Structure formats: structure tokens, C-alpha cells
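Undergrad: Attaching a single structure in C-alpha cells format; questions to follow.
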Amino acid sequence: MSILIRLFVAHFLGDFLLQPLKWVKHKQKYKVKSKYLYFHILVHGVLVYVVVGEWTKFLLPVIVMIIHYLIDVLKVYQKRNIFWFLFDQGLHVVSVFVIWLLFYKQGSTMLYELTELVSTTKFWLIILAYIFILHPTAIIIYNLTNKWEDEIGKTEGKGLKNAGKWIGKLERVLVLTFILTSNFSAVGFLLAAKSIFRFGDLTQKKDRKLTEYVLIGTLLSFGITIIIGLLLVKNIEL
């Protein structure tokens, strides 16, 4: 496990702390002709060799450099957005994990343990809970509150597109995570924080309908997630 962590340390050092913005822009502009693409790959190889500290495993940094080069070549021909950033980092993470499995025996043990974990009912119940609180719960809340949308339409200011949906999804993920880890006080803190930033001043009549609408949605969001979390905790051993 120590070697796997070192491989990830080397990756994140090379991809973020030791990659200047100048290099990134140059790679985006000149693609495979960019000299900084090859500097970047070389930095990764050196980091892996130094951070891992396995001086006799010369093939390890070479394999890392080759795979990293192939992934980065794919990336420089794509638009810079969150999807390709996550996709790129996901490929890097998977490649690091696979390299670790191939070079070190303890990787096989961890793979077996992960396989055992994935095959348990507990694991799939938790996955089901997270899936349910994201989209299905959002649909439930929408169907329960959409009858008031016309009433608050004229008073509601313009906000970021779909920001409310993302706020709701993030808060439900946090609430469920807090419950599964027995951090119930954090649930209260999150509710209080959202109250401060979103509910506004109830004394102003023009904001009253919007405040009540947001409050109903928030309580439904928290309530459904808390119920699911408590039912989950009751039926599995955490």
C-alpha cells in the first residue's frame, strides 16, 4: 500500500505542483510538437523513480512515462472542460493502480479484498442509497414543490443555471455521508449554513414566498436523505 500511495504522490506532484501553466498552454497550442509535453513526461518518470525509491526497478518509471504520454496526447486534442479533466485524471488513476498491481505482489491481495467488498450486500445497499438521493429524490422534491413555481416566478432573481439542482445533490451526498460516518452534528451545521446563505430575510414580504419555497425544498431534501441514511445504518453494520 505504501508503494501505491507513493505512486499517487508522484503523479499529483507531476501533474499539478510541478507543471507550470505555461507548459499546459503550450501543450494545448502545439499538441505533440510541444517540447513541454516531453518535459512533463520526463518529470513524471524522474518523480516515480525518486519518490518510489525502488532503484533496481528501472522499467517502472519507463512504463509510467509511456502510459502518461499516451493519455496526455489524447487530452491535448480535446477541449479543456471538466469532463475531459476528470476523464484524464481517471485514466491516470486507473493506470497507476494497474501498474502497481503488475509490479507488486501486495497489489493482488488488495485486489482480492476489493473484489470481496464489491460482492457484499452492504456495498450495494450503500451504492443504491447514493443513487437514490441524487436523481430520484430530486424528482420527488420537484413533483412536490412545482405547484408553487408560478407563485415565486416573478419574485425570484436570476441565478446560476441549474445551481439549485447541484446544491441539492451535493447537500444530500454530504448528509448521507455524515450519517453513515455517524457525524450527526455536521448535518446540523450544514443545515444552519444553508439557512444563512439561502433563506434570506423573512421580514421582507417580497422574499417571503421564495424563502418558504426554498425552506420546503430544503427540509424535503434533508428529510428524505436522513430517513434513507438512518434506515441504511439500521440494516447494515457500519
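Backbone N, Cα and C define each Cβ position, glycine as well.
Found this in TrEMBL, in case it helps:
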- 36-52: transmembrane segment (TRANSMEM)
- 58-77: transmembrane segment (TRANSMEM)
- 84-103: transmembrane segment (TRANSMEM)
- 123-144: transmembrane segment (TRANSMEM)
- 173-193: transmembrane segment (TRANSMEM)
- 213-233: transmembrane segment (TRANSMEM)
Undergrad: Hey, which bits of the same chain come close to the transmembrane segment (123-144), Cβ under 8 Å, at least six residues off its ends?
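TA: Long-range Cβ neighbours of the transmembrane segment (123-144): 117, 165, 168-169, 172-173, 176, 180, 216-217, 220-221, 224-225, 228-229, 232, 235-236.
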Undergrad: Are there residues at least six beyond either end of the transmembrane segment (213-233) with Cβ under 8 Å to its Cβ atoms? List them, or say none.
TA: 125-126, 129, 132-133, 137, 140-141, 144-145, 148, 151-152, 168, 171-172, 175-176, 179-180, 187, 191, 194-195, 198-199
Undergrad: Residue list, the transmembrane segment (84-103) vs rest of chain: Cβ under 8 Å, 6 or more residues beyond ends.
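TA: Hits for the transmembrane segment (84-103): 3-4, 7-8, 11, 15, 57, 60, 63-64, 67-68, 71-72, 74-75, 78, 111.
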